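Residues or ranges marked as domain 'Cation/H+ exchanger transmembrane' in TrEMBL: 84-469. Under the heading domain 'Cation/H(+) antiporter central', TrEMBL lists 528-645. Annotated transmembrane segment per TrEMBL: 74-95, 133-150, 170-189, 201-223, 269-286, 307-336, 389-414, 420-441, 453-473, in sequence order.
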Amino acid sequence: MVRFFHLPSRFAQYDNWRNFSALDLRHIQRLHVVGGLTSFKDATPAATAPVACRLNHPRTPGIFYGANPLDDSFSALILDISFVILLIHIIHLLLRPFHQPKIVSQVLGGFIIGPSVLSHNKNFRQQMFSEDISFLLSNVGLIGFMYFLFISGVKTDLSLTKKSGKKEFFIASFSVIVPLILNITFALLIRKTMNKSLAKFSSIGAITSSLAITAFPVVHPILHELNLLSSEVGRMSMSVSIISDAVGINALVAFEAAIQGEVEWKSSIWYLISLIVLVGFIVVCVRRVMRWIVRRTPEGQAVEQGFIVAILLAVLVMGFLTDLFGIAILNGPLWLGMAIPDGPPLGSTLVERSETIISELLLPFSFAFVGLCTDVFQMVNAGWSNLAPLFFLALAGHFFKFGSTLVASLFFQLPLRDSLAVSLIMCLRGQVEIVLLIHWIDKKIITIPEFTMMILMTVAVTGIATPLISLLYDPTRPYMINKRRTIQHLPPGKELRVVLCIEGQENVAALVNLLDMSNPTTSSPFSIYALHLIELVGRAAPVFIDHKKCKTPSKYTASDSIHNALRIYEEARGELVKLHTYTAVAPKRSMNQDICELALIKKTNLIVLPFGRTSTGDSTVGLHPVNKSVLEHAPCSVGILVDKCNLHSPVVGQSFWNSAQQFAVLFLGGADAREALAYADRILGNQDVCVSVVRFLSHNSRGDNELEKKLDDGMVTWFWVKNETNERVIYREVVVRNGAETIAAIQSMNDDSYDLVIVGRKRGVNPVLLEGLSNWSQDNELGIIGDYVSSEDFGAAASVLVVQQQVLRGQSHFSSGICGKFRFDFR
């Protein structure tokens, strides 16, 4: 069976295609296929577009019938895309230690399967990436880029341009306009050395304008991989990139119109008219439809499946319309995505249901297509004289971009390291630049050798810049400080400042009860900084909302009910509690930055985090990675509350329990244990609380650190002298020889008489007390003992508060060694 179709110009280099440049199919009378070769007879030539003819092979019956499965296009396509996906992931795994972003692995994966490496072997090329497969990959690859740009548009928060200050606007404008002028000037100086297609003013303008712009869809995923979205540099870079896109897109449109007008000036006019009509349709009609869908969706629920399918189908329709009007085919999907309200419910639903398929399945097609279009051997054969003008123009463009961004950043007195980081971020290249390169091939501005060189430069620039950004800028660097901000070192009569982190409404009651039992007084009131944490989905830019300064956006009204409950508690406590409410919308990887930054700015003494474990003991993802990051970088002490639902009975304005609450403190020594004891001492100011302190000592002082032992003795002596006559305090000591005896002693307390168990996390614990317990811990964030008393093995109904004292800058987290045998002795 014979099929006819148009052959894209970028595939003209394939040897096995039969090209017929002067055929009019209407006049073909007979077609003979002899010996696998195709020939035309009695055909009348006519000036038509090139046509390609290929043989369509039937489905193979299977390998057991002696057939080659790769002869079937579908089977070969499945194998090829599986191979590409696996290759990309292997490369990414190998390059991850070098801080390389995924875009580098994706381009290299496509490059390796292309004619530059594996496909240079003709047998491999014919078996794995035959003409049929190459044609399919090219089309599916373009669809992959369409959906990538669509999802990038959905995530784009255009309101960043309104929220940005003069600094961001100046840096963005300066870093686009100055490089553009310098690039054009440099290009005109070397214009005589360029070939005819590249020397056109429209071609120079298209290339120089793309070099001056930093595409937001490229910057965002790399910042996300570097965990910089919530950092100061990350927020500034995203704002600058969006503004620079808005400034630079005008130049791209102007030069694109010039290219359209090279044949006839009317083409430019029709191009601009089509552009205005299409953008107007998206802004006026499509935007209204999307808002109607949002209004129709009940609060807290996902958008209906039918709407999601319709929108994803509209991506293909927009691609068709832009191609129909002579606009670059990938512009339509991007503009459609930008018309969709970011965040919940519509933007988040679209991203949740489609992003994985797009990034993990469709984009590998795209990079396989790019890789098959690159050929280093053609680049070498083209010669340096043909490639040098474009190479030096691109190199100068990156230099001008870096220098102008650095100058503008230093002008606004950004620290040198931050300025260098921002400048490198603005030089990042990625998917958008690759799409433009493909577009330039279609417009015959560049050829395959030049395309290959630019792809290699894209990988080199991004591959060098990304690890340098990681080296220059550490977002956690400012959080750990040298000044003590702990409960133990808080002077008497001073205000206690607490960051209260809330994941959902189910956390509120237990956290409020804990605060109330912590005994706010007129001499030592509480300042509570309640931070509602929402995972960032469906938008690119994180959001931090101070509810006293701005109104809650409608898409995040879930925070209102949480903050209203806290305000009721504040009103009941009067002057004893001052409440400040915030909402942070960020990826879970960078939520710790919002928490630590708030604690640093507000000079808090304690951060309280909820632990994601249910009353049955099941561990959920929850805030687990966030908690571990906060523990590592917090500028103050940290408490993690494991709520077992026994604290959910608040009575606003009164004590939250009708009878005295029984708290237990497990004192195993070390800085964390001392902080836990200091917190227990504060709780004792509440007349409705009884505290039992159990101190664990090593038999014959084996394994004791003298300095830690002296500090522990001093803390315990201070506590006992202060509370010796207090009938609500019980103190006892237990001597153990190893971890088994420690667990046995703790288990003996398990009589369901305690409502809350307070324990230090792990720092400074005598390793003898934990001998043999290294395999018992599931969650390092709670420490070994904290994990045990909060687990099903302990079986108690008591909630658990695990405390870590502030780690000063330059200190290392103490990790106890574990070894030993099993015996025990109680005293």
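Backbone N, Cα and C define each Cβ position, glycine as well.
With pairs at least 6 apart in sequence, the transmembrane segment (269-286) and the transmembrane segment (420-441) have fewer than 3 Cβ pairs within the 8 Å limit; the two do not touch. Ranked by number of Cβ pairs under 8 Å to the transmembrane segment (201-223), the listed stretches 74-95, 133-150, 170-189, 269-286, 389-414 are led by 170-189. The helix, strand and coil residue counts that DSSP assigns across the domain 'Cation/H(+) antiporter central' (528-645) are 44 helix, 35 strand, 39 coil.
Model confidence over the domain 'Cation/H(+) antiporter central' (528-645) is summarised by a mean pLDDT of 82.
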